[in-house]
Amino acid sequence: MDEDKCSRGLTISYRVVALVMISSYTVCVAVLVPDYHQALPFICITCFVAFCLCYYYAKRKFGGQISETFSKISTRMKWMKSRPFSIMNKIIRFIHSSCTGMFMLFAGLVVLIGVSWLISYNRRKAVLFSFIMSKSTFAKIKWRPVVWGIVLQMVLGLLILRTEAGRKTFAFLGKQVEHFQSHVLAGVNFVFGEKYGDFEFIFKLMPTVIFINSVVSVLYHFGLMQMLVEKFAVVMHSTMGTTAAETVCTAASMFLGQPEASFAIKPYLSLLTKSELFAIMTAGFASVSADIFGLFVMYGISSSHILTAVLMSAPAGLAVSKIICPETEESQTKTWRQIKSINSRSESANVIEAAAKGAQDAMFVVLTVIACLISFLSIISFINAVLAYLGSLVMLPDLSLNLILSYVMMPLVFLMGVPWKDCKIVGEVVGLKTVVNEFVGYTKLGEFIKIDAISTKSQVIATYALCGFSNPMTMGVIVGGLSVLVPEKKNIVSEIVVRTWIAGCIACFMTACFAGLLYDEFSHPILNNATLASNYTLTTVSSYTNVSS
């Protein structure tokens, strides 16, 4: 009897879903007639919901057969796992036939991968340069995750930056994100009034963080965020061959940041090897969370390129981490089945509690950002004043931290593909991001974009290079967070944190290298899409750049 009731209930549910989908399709046809462009977001949402419903229906009805079929296909396609170099060679030939600047790309990648190897934990003793050379041979590095990480970067870059469909898709997604973020003004105007212009940072940009974090919490409550993380993790795990734990955490870092992403594998954190810990920490440095993503867009940075950078830097982070800290232990979290057994459901009772909890959690992020900006901008202003005074004694009155960083980073950004005339400016913003934080870097970049101080290509490369939490401030956040979550690994976390920071920087710079190669400003003007903060200028930045005053 109970089975009959359950069967009837499922039948009714399917009929209701079918009725809703038919109604949605009818509405789509109706709205398509007067205005196609206005109806496009609704059509995309409808298609996405339809796909999800079909996917879960097929998974529930034919899940076993599908898994068996794909298992056979995977067995027959082992050549993909054993011949990543061959696949990368084919992609490189294709890029070479359609792009210029291949030499610069390879020069940049060789330098970045070389630096990764030089700071590796498995260094080989050598007579020459013995203080930096690796103790182990290259054979100890598992090249599959390294090469596949670079291959995935290439593929993502080609699909997004060199195909018409990819360009239009991410331009569309970027505009929808910006339009979605504009709704924060409803809450801002109600709480602070319309005359908040003198305090835009605290009254407009910070509420964006609260809004986005609340939405992410709601998505997590409904399981949509977990589904998205799982799909990205499956792709990286099946190609790169990384363990299930580090892959899931890396995928989660693309949306949640660190140490929040570590909650996805919290029951298994104590079982992680040193290499796996290194990988998940690197992922935290090489990514940005969804709430901070919204803040960058409000600075005037292209949302399309930030989306692309987040996707491309995830496999790069895993690749670099496996060079610097290769796996030398037996992992206890290899299998995908173990990780899928983790209970990652939301603890909120309903959607209202989830939204409220997300807003409350965002307040800590807001206060941290405000405190760090006040602190770092004040310190930079003081350092610049001291350097200006010392420089005036030796006939260098313009000496400043910004100037020093610009010259130090010029060779690196040149290898990323930045035209030499823009290297000084881009070197400055990349240097500020690396030694201070990404907020200062993106703020400064937003100023340069506003006055068209650098070319569009340089703006794009800088956007990719800056898109990550790889800065000294994040080291404290990650060490503190993981020390609480897994206290027995505290010593290991503290030992490897500096190199994971460097690894995160390298991953972002590798992504910038591919952006410099694949971006074509004449056929791909994504950066010129609408940005909510085009007229926004952070006045505090002027205070530390104009030291003489």
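Easy rule for this one: first residue shown is 1, then count along the chain.
Heads up, the Cβ atoms here are built off N, Cα and C, so glycines get one too.
These numbers come from a predicted model, not from an experiment.
Annotated in TrEMBL:
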type: TRANSMEM; residues: 12-33; note: transmembrane segment
type: TRANSMEM; residues: 39-58; note: transmembrane segment
type: TRANSMEM; residues: 91-121; note: transmembrane segment
type: DOMAIN; residues: 108-194; note: domain 'Concentrative nucleoside transporter N-terminal'
type: TRANSMEM; residues: 141-161; note: transmembrane segment
type: TRANSMEM; residues: 201-222; note: transmembrane segment
type: DOMAIN; residues: 203-297; note: domain 'Nucleoside transporter/FeoB GTPase Gate'
type: TRANSMEM; residues: 277-299; note: transmembrane segment
type: DOMAIN; residues: 305-516; note: domain 'Concentrative nucleoside transporter C-terminal'
type: TRANSMEM; residues: 364-387; note: transmembrane segment
type: TRANSMEM; residues: 399-418; note: transmembrane segment
type: TRANSMEM; residues: 460-486; note: transmembrane segment
type: TRANSMEM; residues: 498-519; note: transmembrane segment
Recorded stretch, among 364-387, 399-418, 498-519, maximising Cβ pairs under 8 Å relative to the transmembrane segment (141-161): 498-519
Chain residues outside the transmembrane segment (399-418) and at least six past its termini with a C-beta under 8 angstroms from it: 101, 104-105, 107-108, 111, 380, 383-384, 387-388, 390-391, 424-428, 430-432, 434-435, 457-458, 461-462, 465, 509, 512-513, 515-517, 545, 547
Residue counts (helix, strand, coil, in that order) that DSSP gives for the domain 'Nucleoside transporter/FeoB GTPase Gate' (203-297): 82 helix, 0 strand, 13 coil
